[in-house]
Amino acid sequence: LVGRFAGRTDQRVWEAWREFELLELAKCEAAAAVSSASAAAAEANAAELEKQRSRVLGLFRRHLAMPHVGLEATWRELCDWLAEKEQQPAEEMRQVYEKSRDELRRIEPFENLLADEPDKSAQHYRAYIEAAVGPTAQQLAVLERAVTAHCLDTGLWDAYVAYVWQQFEPGPKLLHLCRRAVRNCPWSGSLWRQLALCQECTGCDYDTEVKVTYESAVAAGLSDAADLLAMWLAYLDAARRRAAATESWDDWHRLCEAGMVAVDAMAADPQASLLRYAALVRARRGQLGEARQLWDQVMKRGHGNSAQMWLRQLEFELRFGDAKHIRRCLSRAVNSVSSVPECELLLQRLVDYEREEGDVSSYVEALKRAQKQRALLQQRAAEQGGSGSGGKRKAGSKGGATEAQPPPNKRAKGLETGKKQHTADGAAAKTDPFKKPMPPPPPAAASSNNVSHHGAKVEHDPAKDYRTVFLSNLDYKTDEAGIRQALAPCASDIVSVRLVRDYRGRSKGFAYVELKSGVAAGAALRLDRTLVNGRPMFVSESRQRGGGSSDTSANDSAFKFDTGLERNKLFIRNLPKTMDQAGFERLCSAQPGYRTARLAMFRNGAPKGHGYAEFADESSANKALAALNCSQVGDNEIEAGRRRSRWRRSRGGRGGGRGGGRGGGGGGGRREDHTSTDPTRHRTQISLVPRQLKTSADTSGVSASGSESGSGGGRMSNDDFRNMLMRK
C-alpha cells in the first residue's frame, strides 16, 4: 500500500498522487465554470466538483496522519491551497497534524540513521524495533521494511513473528507470515516451531500439515544442537497432544526413540531431556516400571553425581511413586553425590521427608545417617585442606597420590605409553618435579563389584599370558558380574576380571580374565561364541600387542574363523528404526530352517536398521533370501543378501588394503588366486613403458629387427636397443 511507512523517498509517491488529484480538481472546476445548457448538467458538474474537493482533503488528511519526512511542507501546502479558496484548516485537521509532528520527533532519529547509513541498516532496524515507537500499524510497517531489506536475517523474522503473535490471534495472516519466514530462513528451528504451532492453533490437520512441517524441519539439517533438541521436544509435544486425543501411544514412543537417536548423534541432550520426557509420559499412563528404567538410564549417562538430577528424580517419585521408592531414591542420591554442599542438600531433604512422612524410628534413623554422613564429609574436607597446605603426601596413603617424580628416561617395559600419566579418576597428571602437588581427590564410594575405572593401569606380565584370556564383542551393558556368570563353568578358577572402560566409566566391549592355570584358560577358550545378552562373546588367547614373537604365522593363526562367504547367513538392511529384537526375530523365524537372528544396536539401545540371520543350511538361506529380499516391512522395502565375514588386511606390506601398497598383500581382498607370480596391477597404476618396447608373453627370443636376441626369452640386449635407435 502507498504510504505505509515514512521514508524520504516515499514523499515522491505522495506528491505525485496529490498532484494527480489536484489536476482532476482543476478539470472539475473548469467544467463547472462553463455555462451548461441544462440545469441537470450544471448540478452534476457541481456534485463532481464537491466530490473531488473532498477527495483532495482526504488525501491531505491521510498524509498528515502519518509521521513522515517533510511534514511541515505538507502542512504548509494544505494551508496555501485552502488560502486560495479563502478557507482555513479545520480544527480536526490541525490536531492530526500536531499528533503526527510529536510522533515524528520520536522516530526521526531512527529514520535518519537508516537513510544515512544503509550498510548498517540491520542494526538500526533492531534498535528501531526494540524502541517500539508508534501505534501497532506503524510498528508492523517497520517490521515489514526490516524483513524486506534483510530477508535472510533470522533475528528480524523472529521479532516480526513474535510481535504478530502478541498482537493478534492465530489466523490466516499469521500462518502466511510464518510460511514466509520459513521459506526465507529454513535453517531456523524457532521459525519452524512457530509455523507448526500456528498450524496446530488454527485447526490444521495433524497428519497432512503439522506432522509434515515437523518432519521437514527435522530433515532441514539444523546445525545448532540446542535448536535440534528444542525441535524434537516441540515435535513430541504435538505428538503427545495427538496421542492423548486418539488414545494411541505406540507412534509416540517410536517417535521418541527416533528423537533420542537423532539427538544423541549430535550430543545435543546433555541433560537427558528426552529420556525424562519419556519417563514422565509412561508414568502418567501407569507404567511406573518402565519409567523407572528410563530414569536408571538417565543416571547411567553420567548424572549419578549430580544432585540436581537426583532432585528431579525425587520430584518424579513424590508425584507418582510410593514411600518405598521415595526412600530408595533418597538413599541412592546420598550415596552417589560426593560434593559437600550438594550432599548436604540431599541429606536435609532426607531428614525433612522422614520428619514429615515417616514414623519415629525412620526419623531417628535418618538423623543418625545424616549425622554420620556429615561427619564423613567434614573429615574428607579436612583431609583435602591438610593435603593442600603445602606438605608432601606420603606414597600409598588412602585417598592420596604419590609424590610427583621426574619422568624417567625410559619407561618400564610392559607399561602403556602416552604423553601423560592418568590417575585412577581419569585425570591427566603431568609429572613435573617443581610443581606443587594437587590436593587428593575425594575417596570414591566403594563399588559392590569392584569396578576399575578408566585410567587404572595394570602392568603387563608376559608370564601370565598362558592363563589369561581376552574377551571381545561384549555388550556394552555387560559388567564384571555378567562376565563371571558367562564363564560359570570355570568361575572358581577366575583370579581377576579387568573390564576396559572409557573416560566416562562406560564399557568398551572387551575385557581380560586371568585364571589360576593354563588348564582353566583352555576351558574358558572352549566357551567361545557363548551368547551374553544376545551377543556372541569371543574368547581368545591374550597376547601383548607388538610384543610377541617375530614369527608372524603365530599371529596370523589367531584369526581362525572363515573369511569367505557364509552361505547359511543373511545380512538384512533398511529395516524400520522402530523394529526391536523381538520383531526382527519374528520376521526371520517365519522362514524355514531359522536358527538365530541378531539386530544391530547403538550404544544407547536404539536399532541401527540392519541385522543378521542364521539358517540351518544353504538351501534354507536361499529360500529366506528369495522371500525377504525386496519385501515390504512397514513403510520400508528391506534388502537381504549373503553375509561375508570381515576381510582382514594381509601382512604382506604397508598399505596393503584397498588399492594395494608396497607389499604383496594388496588388491583390497578381491584377488582370489595368490599362486600367480605375475605382479598385481591395479586400475590406478599407469604403465610408463613405451609401446614399442613392450613384448607379448608368447613372443620368441627374436628381436624387433629380426635378429635373435642374445639374452633369449623375448628380452632385448643393449645392441638391440642401439640398432633400434640408430635405425632410420
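Every residue, even glycine, has its Cβ placed from backbone N, Cα and C.
Keep in mind that TrEMBL annotations are predicted by a computer and have not been checked by a curator.
Feature annotation (TrEMBL): of 32-59, 144-171, 172-199, the stretch labelled coiled coil is 32-59. Packing against the coiled coil (32-59) from elsewhere in the chain are residues 17-18, 21-22, 24-25, 81: each is 6 or more residues past its ends and has a CB under 8 Å from a CB in it. Confidence across the domain 'RRM' (568-645), taken as the mean pLDDT and rounded to a whole number, stands at 86. Sorting each residue of the domain 'RRM' (467-544) by its DSSP state yields 22 helix, 32 strand, 24 coil.
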